[in-house]
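Novice: Just passing along the structure, written as C-alpha cells.
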Amino acid sequence: AFQPQQHPHAGRKVLTGSMAKSKFEYVRNFETDDTCLRNCYIVVRLDGRNFHKSHKFTKPNDNRALGLMTRSARSVIEELEDIVIAYGQSDEFSFVFKRTSTWFKRRASKLMTHVASQFSSSFVFYWKEYFGEQPLLYPPGFDGRVVLYPSNRNLIDYLSWRQADCHINNLYNTVFWTLVQKGGLTTVQAEDRLKGTLAADKNEILFSEFDINYNNESALHRKGTTLIWEKRDETVTKRMKRPNEEEKDVVVTRSRRKVEAYHCDIIGDQFWEEHPDILEDDNC
C-alpha cells in the first residue's frame, strides 16, 4: 500500500531561539544599524509627493485638505504616544519623539516607516469626512526623513524654521492668487509681478490694491498647526449601586490626555512657557 513520505522533522521537537538557525541566517549581517543616538529628540518629517495633482484644491489654501492632514497627524500621535509635539503646514508634518523614547528600539527606519504608513492610511481612511463624494483620484504618497536634535534650543529652532517657512510660503501664495483671482493677472504675469519683492512689498500689494490686511487672514494659514498632548478633565454621570443603597446617578470626574490643536506662534517664548511639559530638561 502507498504510504505518504513523512517530513524529516515530523515527531521531533523543533528548536527555538538561537538554536533554530538556518544556513541563510548570515544575510542578517547585511542590515545596517540605524539606531538613533540616545538623549536626542527624534524628528520624523513627512512631505506629500505629487500632492496637488488632479484634485483641484482651493487656492491658495484648501481647508478640507489642511483638516485632513491634521486628522491624519492626530491619528499618528494617538498611535505613537511618545510623540510630544507635531507641527504641520501645507503638505508636510513633523513629528517629535521625546528624548527618552525607546519605541522600536529607536531604529530610524522603523520609526519613519511606521509614521509614514500610519499617516498615509489615515489620509485615505478619513478622506470622505473632509471631501465628501469628491473621489480620491490616486493613492497618496509621503516621503519621510529622520533628523536628531540634541538640545531644546535645536528643537525649537527646527520648529521655528518650519513655521517661518509657512509664513514665507503663505504670504507669497496669498498675494499670488489674489493677483490672479481678483486682479485678473495670468499666473505668469503674477509671478513676474512678485519677482524681487520683499514681505513689506507683498503686504503693500494686498492692502493698497485689494484692501486686505494679511494679519487678519486665518491663523491656520499663517501659523500652521501645532498638535500637543494636554490633560483635560471629563465629567461623566454613572449609574452606580452601593451595598444597602438604591441605585443612583453619580457624577465622576476623570483626567484624560487628549491631542489638542493650536494655530499660534511657536517661534517666541510664550508658547513654550505656557506648555513646559513638552520639552525635557537639557541637563538630564
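Each residue, glycine too, has its Cβ placed from N, Cα and C.
According to TrEMBL, the feature domain 'tRNAHis guanylyltransferase catalytic' maps to 24-150. The feature Mg(2+) 2 binding site is assigned by TrEMBL to ASP47, ASP91. The Mg(2+) 1 binding site annotation in TrEMBL covers ASP47, GLY48, ASP91. The GTP binding site feature in TrEMBL is assigned to SER90, ASP91. Residues or ranges marked as domain 'Thg1 C-terminal' in TrEMBL: 154-268.
Set these features in their place in the structure for me.
Specialist: Residue environment of ASP47 (Mg(2+) 2 binding site) contains 15 other Cβ atoms, counted within 10 Å of its Cβ in all protein chains.
For SER90 (GTP binding site), the same-chain residues that are 6 or more apart in sequence and have a Cβ closer than 8 Å to its Cβ are CYS166, ASN169.
Here the domain 'Thg1 C-terminal' (154-268) is broken down by DSSP into helix, strand and coil counts: 56 helix, 31 strand, 28 coil.
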Novice: Taking the Cα atoms as reference points, how far is ASP91 (Mg(2+) 2 binding site) from GLY48 (Mg(2+) 1 binding site) in Å?
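Specialist: Just about 5 Å between their Cα atoms.
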Novice: If you count Cβ atoms within 10 Å of the Cβ of ASP91 (Mg(2+) 2 binding site), leaving out that atom itself, what do you get?
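Specialist: I count 18 other Cβ atoms within 10 Å of it.
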Novice: In sequence order, which residues at least six apart in the same chain have a CB under 8 Å from the CB of GLY48 (Mg(2+) 1 binding site)?
Specialist: ASP91, GLU92, PRO140, GLY141, PHE142
